[in-house]
Amino acid sequence: MASGARYAGKVVVVTGAARGIGAGIARAFVDSGAQVVICDKDERGGRALEQELRGAVFIRCDVTREEDVRALLSDTVHRFGRLDCVVNNAGSHPPLQPLEETTAQGFRELLELNLLGTYTLCKLAFPHLRRSRGNIINISTLVGAVGQLQGVPYAATKGAVTALTKALALDESQYGVRVNCISPGNIWTPLWQELAALAPDPRAAIREGAMAQPLGRMGQPAEVGAAAVFLASEASFCTGLELFVTGGAELGSGPENFFRSLGLCVVPEDVPPPTSRPRICSYK
């Protein structure tokens, strides 16, 4: 089936869609023929993407505000007459820090965005999705399953998103609504760049991120977008699924360890582009 017809005539809401993974997902659904609602607090970024993507509209929404979420869904159904898919992508990754340096208030705020925002949109969208026998795709993360050094609040909130996905999949199966999640690994996005800039050595942080995957590079937002379109369309017998889009990082054997076992190294002064494989030299 041609990519432009895979989800033709369907209506998709993508939160946190103004940039990064969310923008990649929005682009992929537009390419598949869907009508896409770009949802974000960032009006400038959302409007810019709306101008870029034919078949997309921007609606400003803060997913931590239930009244905003209600308005988002009401406006979407009023404009398009239906709702077929919701992608809960809005979220944040705070800077890494030891647990003793975190605060309960900061944790609560992260829960409001990463978990309760997803919960609220799911709850309010289900009446529409039951009518269309649609589906929800929640964006979790690899570290929700394997943990993250000095990233306890983030890993905890995203791990809860995965658990929420599985529980909702059971509840909604009686209505023919599927609920799945995607757990990305290192995806090269503006957020990744911002977090790397906070590291003592940003170039080394980027290199380490790229080398964490057996495929030897970071992923791209378009690759997460392709996974989302697959879950919404062809994956009609999948529900409660956690789909890892990680370059194999969860296997625990990135190329740096492999090259070392062969007596090779990544050229230390060379930081490869995050989405391409690095140059290799000999230790000898």
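Each residue, glycine too, has its Cβ placed from N, Cα and C.
What you are looking at is a predicted structure, and each value in this text was computed from that prediction instead of being measured.
Per Swiss-Prot, these features apply:
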BINDING   ARG19, ILE21, ASP40, LYS41, ASP62, VAL63, ASN89, TYR154, LYS158, ILE187, THR189, LEU191  NAD(+) binding site
Span of ARG19, ILE21, ASP40, LYS41, ASP62, VAL63, ASN89, TYR154, LYS158, ILE187, THR189, LEU191 as binders of NAD(+), largest Cα separation rounded to whole Å, comes out at 24
Would you pick out, from the binding-site residues ASP40, ASP62, the residue whose Cβ has the largest number of other Cβ atoms within 10 Å?
ASP40
Minimum Cβ neighbour count within 10 Å among the binding-site residues ASN89, THR189: which residue?
THR189
DSSP state at THR189 (NAD(+) binding site), helix/strand/coil:
coil
Including all protein chains displayed, how many Cβ atoms other than that of LYS158 (NAD(+) binding site) lie within 10 Å of its Cβ?
27
ARG19 (NAD(+) binding site) - helix vs strand vs coil (DSSP)
coil
